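Notes for the one structure printed next.
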């Protein structure tokens, strides 16, 4: 079992130059936002300066500037996707946040083998009816890269992907762990255009939460996917005990890898896991994470993912004014989400529309 100490809220690093106060802060942030809209990209030092912004009032100003970047670089379409847990529990890996690990099975994690194609397709149709444009097949385990040559599960998943394309209009995605270049090509040929494989944390912090595989193992899979022409969906979890430097480094690593979609999960501690007694993030700390990710990743699809309801509660709508332009709707892997109708109503109240958001470069090219 990974022994992860419970850490206090990350301390904000001291800025190299003072952050403006009062009304000057809003103008300063808008200037930075305009720089980014015009094509500049923040350095690590500049991004760390943003982490020195504290207090609800100032964080909301940071969010407003991030929302300006989102509006100008991505538009008003909120990317909607849904997932299905196609194989659950008894995972070989020891990710300290996950209740599916065989090293520390969570109290609420179901255990079952690969679902049938019929079960998965039924859920794909339900996701499509709820407004999702993409549907991701998620499986436990380190990856199909390590499957036995006699294992037919990968072929079953490929066939299910083909059937989803034939029987629905929703786009199939996968999250099956590590893949070889050859497997990535097979997924592409079957019709998978986007694949989720989260980095989860910075390279520096990763060994504190996982020891059964490395951060570089995850990077290798992302590179294999992109080489096969598959879009990379990769993000992380906020609230593991990481520092602000770790958060900034994760965002910059995702930028360097040119990922298209970035899920931001907010830790919802699960009993039975090493992080089960962690506190949930403060709402304003979560908003600050979202806004800073948008400053670093101006054109990426940044997605509200796991923990949205648990951490944000009745303030979920603020994330959609803090740089977020995508949502995972419906249920999560081992926990329940709120009804999709509630999400659609929230979007409408904010003047946003659900659909399929542009990937980096698409929105600006269309203007």
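Here the Cβ of each residue, glycine as well, is placed from N, Cα and C on the backbone.
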Swiss-Prot annotation, [2Fe-2S] cluster site containing 136, 173, 303 - matching residue among 73, 74, 233: 233
Conformational class of residue 95 ([4Fe-4S] cluster binding site) under the three-state DSSP mapping: coil
Local confidence of the prediction over the domain 'Radical SAM core' (73-308), expressed as mean pLDDT: 93
Cβ atoms near residue 136 ([2Fe-2S] cluster binding site) (within 10 Å, other residues, all chains): 25
Other same-chain residues whose Cβ falls within 8 Å of the Cβ centroid of 91, 95, 98, the recorded [4Fe-4S] cluster site, in sequence order: 93, 94, 97, 99, 100, 101, 140
Spatial neighbours, same chain, of residue 303 ([2Fe-2S] cluster binding site) - Cβ under 8 Å, 6+ residues apart: 79, 81, 233, 235, 261, 262, 263, 264, 324, 326, 327, 328
Cβ-based neighbourhood (8 Å from the centroid) of the [2Fe-2S] cluster site, residues 136, 173, 233, 303 excluded: 81, 83, 134, 175, 194, 195, 196, 261, 263, 328
